[in-house]
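Participant: This is the structure I have questions about; it appears just below.
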Amino acid sequence: MFLVGSSSHTLHRLRILPLLLLLQTLERGLGRASPAGAPLEDVVIERYHIPRACPREVQMGDFVRYHYNGTFEDGKKFDSSYDRSTLVAIVVGVGRLITGMDRGLMGMCVNERRRLIVPPHLGYGSIGVAGLIPPDATLYFDVVLLDVWNKADTVQSTILLRPPYCPRMVQNSDFVRYHYNGTLLDGTAFDNSYSRGGTYDTYIGSGWLIKGMDQGLLGMCPGEKRKIIIPPFLAYGEKGYGTVIPPQASLVFYVLLLDVHNPKDTVQLETLELPQGCVRRAVAGDFMRYHYNGSLMDGTLFDSSYSRNHTYNTYVGQGYIIPGMDQGLQGACIGERRRITVPPHLAYGENGTGDKIPGSAVLIFDVHVIDFHNPSDPVEIKTLSRPPENCNETSKIGDFIRYHYNCSLLDGTRLFSSHDYEAPQEITLGANKVIEGLDRGLQGMCVGERRQLIVPPHLAHGENGARGVPGSAVLLFEVELVSREDGLPTGYLFVWYQDPSTSLFEDMDLNKDGEVPPEEFSSFIKAQVNEGKGRLMPGQDPDKTISDMFQNQDRNQDGKITAEELKLKSDEDQERVHEEL
């Protein structure tokens, strides 16, 4: 189309005309009707395609971009922007277009299509354009509007979806990761991050983005979706960008914010559940067992200890895990649930790791602390109840004891109980028959006393665990001492309360035949016990103990004991010392 008095192919006019679009009820559209056969007084407008949504209509002073075909009444084409593959980009209502086009574009929506009939006095008048448009020509235009903006425009941000929980909003100097679809105002797609299989990662307010995007992302929450409309002077302006973004184009971005952090961020802690009576908190050097769910800021799960049905076990504050977790686990209580938000510079940095944690990703861990201990921990003993009467004798190494117990993990998981059996547990203290921590915890008890024992794994089943007991697990025992008997010295199966008879063999040889078979030996020992003169090793089968005693005295294993063979253990020990000397 043409400037008045110019040969350039654009529609122009030198003076500003008021908006004169008037409704008409003609079948062809809008405009001022003329009597039949009379010349048109105004532009006739036919809106033959109106988009469902029209958030904005063209007003005087707006900048528009549109395509058109121009023909005469007989259908002969005199001009077309399509033929030049170039949109018309111009300001409406300031005299740069012929008056008829200025009026015909007013009130138009993006993607609307109109047919305009422009009478000569609103087109090129009685002069026309030499060689192209004859004098007094009525002009027919088919127009589609692709873009509209104004110099007074700002970035328009519309929240499409905002999560109910917003831990933080984007601010200048933050680093963000987001997905986007980018289109022109008419819906033509020019770019999207999804096709590249990765987010767009950048700093905000540092000049790395077009100005409108810098502004449009401010205030967003992780997981939020926004529609951001950017006028060209806050985008790529008069030059456009490559072949995909034309000059003076408004841009529309549909953005999903996945992540936001600031290089100055520290680890953020949120206590979700704190058990009552927290008497100890984890410190650097402790060994901890915990469950966790690890997710990205948008909620995408990247790892979980629950899926492996096994806690994560590690030292805290020793560099075995990412720095953010090392920091975030310190100060936790056993049984506590806490949320640990770790910025990327305290996690896996800009490179990420594997195929589930992208570069520059903020990580969120929902942690349940099962237990922790320190390699220097002793058995922790707490008396729950003690008999009211005086307790003159307490359990010690070598004692034979009977006791009841319940054993669980610190999270309450039940492991074992003596109450599942018909009788209490029986052991000789110090005989290495139970875990070391339990053995220690049972020492110094009164009969009838109840205790709580917390046993660290290095005094229990260690890092490998045992059947039903996880590796590196701290164990909780509730024990009750039922009975206690003095034990025998190491290596002894039987002891006398007083010095034995000087005629011991003769006393054993019941039939006086000079030898003692198993039956006589057993009868003699049992009689000593029944008469209160001596006692067998407690906690053992008496017959088995007596049989072992007989085997020890039957030196030549001929099934009988002679006077030469019979020796007290104290005499044997003395002979051994003499031989060694």
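These residue numbers are counts, starting from 1, taken along the chain as shown.
From the backbone N, Cα and C atoms, a Cβ is placed for every residue, glycine too.
According to Swiss-Prot, the record shows the following:
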type	residues	note
SIGNAL	1-33	signal peptide
DOMAIN	61-149	domain 'PPIase FKBP-type 1'
CARBOHYD	Asn69	N-linked glycosylation site
DOMAIN	173-261	domain 'PPIase FKBP-type 2'
CARBOHYD	Asn181	N-linked glycosylation site
DOMAIN	285-373	domain 'PPIase FKBP-type 3'
CARBOHYD	Asn293	N-linked glycosylation site
CARBOHYD	Asn309	N-linked glycosylation site
CARBOHYD	Asn351	N-linked glycosylation site
CARBOHYD	Asn392	N-linked glycosylation site
DOMAIN	398-485	domain 'PPIase FKBP-type 4'
CARBOHYD	Asn406	N-linked glycosylation site
DOMAIN	496-531	domain 'EF-hand 1'
BINDING	Asp509, Asn511, Asp513, Glu515, Glu520	Ca(2+) 1 binding site
REGION	533-581	region 'Disordered'
DOMAIN	541-576	domain 'EF-hand 2'
BINDING	Asp554, Asn556, Asp558, Lys560, Glu565	Ca(2+) 2 binding site
COMPBIAS	555-581	compositional bias 'Basic and acidic residues'
MOTIF	578-581	motif 'Prevents secretion from ER'
Participant: Determine the minimum-neighbour residue: among Asp554, Asp558, listed as binding-site residues, which Cβ has the fewest other Cβ atoms within 10 angstroms?
Facilitator: Asp558
Participant: Between Glu520 (Ca(2+) 1 binding site) and Asn181 (N-linked glycosylation site), what C-alpha distance do you get in Å?
Facilitator: 100
Participant: Using DSSP, break the domain 'EF-hand 2' (541-576) down into helix, strand and coil residues and give each count.
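Facilitator: Residue counts in helix, strand and coil order: 20 helix, 1 strand, 15 coil.
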Participant: Between Asp509, Asp513, Glu520, Glu565, which of the binding-site residues has the fewest other CB atoms within 10 angstroms in the structure shown?
Facilitator: Asp513
Participant: Under 8 Å between C-beta atoms and at least six apart in sequence, can you list the same-chain neighbours of Glu515 (Ca(2+) 1 binding site), or say none if there are none?
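Facilitator: The answer is Asp509, Lys560, Ile561, Thr562.
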Participant: For the domain 'EF-hand 2' (541-576), could you work out the same-chain residues 6 or more beyond its ends whose Cβ comes under 8 Å from its Cβ atoms?
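Facilitator: Contacts with the domain 'EF-hand 2' (541-576): 491-494, 500, 504-505, 508, 514-518, 521-522, 525-526, 529.
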Participant: Just checking the recorded positions Asn293, Asn309, Asn392, Asn406, Asn511: which sit within 10 A of Asp558 (Ca(2+) 2 binding site), CA to CA?
Facilitator: none
Participant: Measure from the Cα of Asn351 (N-linked glycosylation site) to the Cα of every one of the recorded positions Asn392, Asn406, Asp513, then give the nearest.
Facilitator: Asn406
Participant: DSSP on Asn406 (N-linked glycosylation site), three-state: which is it?
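Facilitator: Looking at the DSSP assignment, Asn406 (N-linked glycosylation site) belongs to a strand.
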Participant: Roughly how many Å separate the Cα of Asn181 (N-linked glycosylation site) from that of Asn556 (Ca(2+) 2 binding site), to the nearest whole number?
Facilitator: 97
Participant: Considering only the recorded positions Asn69, Asn309, Asn392, Asn556, which fall within 10 Å of Asp513 (Ca(2+) 1 binding site) when distances are taken between Cα atoms?
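Facilitator: Those close enough: none at all.
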Participant: Say you check the Cα of Asn69 (N-linked glycosylation site) against those of the recorded positions Asn392, Asn406, Asn511, Asp554, Asn556; which is nearest?
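Facilitator: Closest candidate to Asn69 (N-linked glycosylation site), judged by Cα separation, is Asn406.
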Participant: Hey, what's the Cβ neighbour count for Asn293 (N-linked glycosylation site) at 10 Å?
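Facilitator: Cβ-Cβ neighbours of Asn293 (N-linked glycosylation site) within 10 Å number 17.
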Participant: Can you tell me the CA-to-CA distance separating Asp554 (Ca(2+) 2 binding site) and Asn406 (N-linked glycosylation site), as a whole number of Å?
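Facilitator: Given the Cα positions, Asp554 (Ca(2+) 2 binding site) is 44 Å from Asn406 (N-linked glycosylation site).
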Participant: Tell me which of the recorded positions Asn309, Asn556, Glu565 ends up closest to Asn406 (N-linked glycosylation site) in space, Cα to Cα.
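Facilitator: Result for Asn406 (N-linked glycosylation site): the nearest of the recorded positions is Asn309.
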